[in-house]
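Student: Take a look at what Swiss-Prot says about it:
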- LYS40: active site, proton acceptor (ACT_SITE)
- LYS40: N6-(pyridoxal phosphate)lysine (MOD_RES)
- ARG136, MET310: substrate binding site (BINDING)
- TYR263: active site, proton acceptor (ACT_SITE)
Amino acid sequence: MKTSPHRNTSAIVDLKAIRNNIEKFKKHINPNAEIWPAVKADAYGHGSIEVSKAVSDLVGGFCVSNLDEAIELRNHLVTKPILVLSGIVPEDVDIAAALNISLTAPSLEWLKLVVQEEAELSDLKIHIGVDSGMGRIGIRDVEEANQMIELADKYAINFEGIFTHFATADMADETKFKNQQARFNKIMAGLSRQPKFIHSTNTAAALWHKEQVQAIERLGISMYGLNPSGKTLELPFEIEPALSLVSELTHIKKIAAGETVGYGATYETSEETWIGTVPIGYADGWTRQMQGFKVLVDGKFCEIVGRVCMDQMMIKLDKSYPLGTKVTLIGRDKANEITTTDVADWRGTINYEVLCLLSDRIKRIYK
């Protein structure tokens, strides 16, 4: 989807806020650990290239989801180490090796396919993934891990790291977290040899389980200023949201009592009402569930009325406003604020999803 630069709907990204959030984490975590920010999914909607360049001097490397995301960073002259967190097809490992991109090795079966595909593997770096209870990818016992290490050594593959991912580090009940931690530690204790990087700390673990000593801290959602638990757990220090979402009024009208607004005629006015149209819709990631939610106009809350359309939505105004008046969907306007977590709670989802659904059609403005 193409960005729409001629439409005044924008995600404003504060790169200084992201840098400040990283600096606060550096004071909170093990001082010997490297921070490797997660810039996957276009840096959670903030812009992976711009974010990576803005924070490169503060971090040891970057984490992405797939090989294409890593290649994009390399193509834009991001030179720090990059780790692909998901498995890739074995026939593409030569691309990763040539670009100095580290790969997740999710299983012995995958590694066997890699050595069958490629004759020269000395430039390949792998991090063995451990499934300690997430149930996604990774090995589940030390025997498989040691077989992978042996196979890597045989073909001169660089066994650079090993890691796991916690499923419940952002929850008050620590039972599952401690079970995963114990499983991972047991596998680490049984390895035939230790790699350069052992890492299990995601954002939530870095915030609420900082007793872990890790070589890498994989920093995600809180780098962008959001609480990974939503509102469940209190943050140990303040962070600043880096993204605000704004648009404008493109049409304003007064309609009579008894008129309807939007597809399905789901909203009917009970009195004469000022209605404003805003150029954002579900094609931009502002989903249909947002009907009934509020936005800010001149610092005042205004209800979204009628169904959110593909490209536009309508809001109930307290009075007439000039065309071009700013509408804040996420962010602060005067004394009031709408957070990404507020939007997530309304939708019954998580703040991560709200950010990641903001489509490329919304232009990003960096400050």
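In case you wondered, yes, glycine gets a Cβ from its N, Cα and C as well.
Small disclaimer: the values here were computed from a predicted structure and weren't measured.
Walk me through the surroundings of each of these features.
Tutor: Within its own chain, LYS40 (active site, proton acceptor) has SER48, CYS63, VAL64, SER65, ASN66, GLU69, LEU85 as residues 6 or more apart in sequence whose C-beta sits under 8 angstroms from its own. LYS40 (active site, proton acceptor) carries a helical DSSP state (H, G or I).
Counting only same-chain residues six or more apart in sequence, the Cβ atoms lying under 8 angstroms from the Cβ of MET310 (substrate binding site) belong to GLY281, TYR282, ALA283.
TYR263 (active site, proton acceptor) counts 12 other C-beta atoms within 10 Å of its own C-beta, drawing on all protein chains shown.
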Student: Enter the number of other CB atoms within 10 angstroms of the CB of ARG136 (substrate binding site).
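Tutor: Taking every protein chain into account, the count is 12.
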Student: Fill in the CA-CA distance, TYR263 (active site, proton acceptor) to ARG136 (substrate binding site), as an integer in Å.
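Tutor: So the Cα of ARG136 (substrate binding site) lies 40 Å away from that of TYR263 (active site, proton acceptor).
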Student: Helix, strand or coil by DSSP: which one applies to TYR263 (active site, proton acceptor)?
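Tutor: Reduced to three states, the DSSP call for TYR263 (active site, proton acceptor) is helix.
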